[in-house]
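S.K.: Feature table excerpt (Swiss-Prot):
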- 57-72: zinc finger (ZN_FING)
- 80-175: domain 'Toprim' (DOMAIN)
Amino acid sequence: MLYPTPIAKLIDSYSKLPGIGIKTATRLAFYTIGMSADDVNEFAKNLLSAKRELTYCSICGRLTDDDPCSICTDSTRDQTTILVLEDSRDVAAMENIQEYHGLYHVLHGLISPMNGISPDDINLKSLMTRLMDSEVSEVIVATNATADGEATSMYLSRLLKPAGIKVTRLARGLAVGADIEYADEVTLLRAIENRTEL
């Protein structure tokens, strides 16, 4: 169906979001048009503000509005342990269980030979720099239980073990193919408590 240009552009914008097909984009566009002017202005303001004010922590790579982030600058956290995650959303999931008190490192992706993503394409270089300049004795690999997550964890294990750093992996409370951000808090707690050495 042919829509007026402003609606067509809005549909196109929404359809660029992950998991949003043309039907959902159309629904969102029409819903947005039906919102009050104040709500639309607030939505647009918040979207622009998030894009403008957020950055990645120069230490851990987590999405933050401070650099370095509040976790990296918290001296009460365990400085000897780093939990390595694929995405900033995974940090939020781990923080919600309130049982892990170490540091984080966000990779912004996983090694994926099938997709042409090599170790140089993810945030590994800064992890290696952190490990050389710190007192870290354990790295917990908390990548998703997928082929790419496994490839990344094995790569990290082979890279870090010769340096004398203990490398562990979250326990298998997480289902194969499951994303950490969608796991419930009890599952995440059990996974971190029962992590295994690689």
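Residue numbering: from 1, along the chain as shown.
Heads up, the Cβ atoms here are built off N, Cα and C, so glycines get one too.
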S.K.: Six or more residues out from either end of the zinc finger (57-72), which same-chain residues have a Cβ under 8 Å from its Cβ atoms?
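M.R.: 88, 91, 103-108, 123, 126, 130.
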S.K.: To what whole number does the mean pLDDT across the zinc finger (57-72) round?
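M.R.: PLDDT averaged over the stretch: 96.
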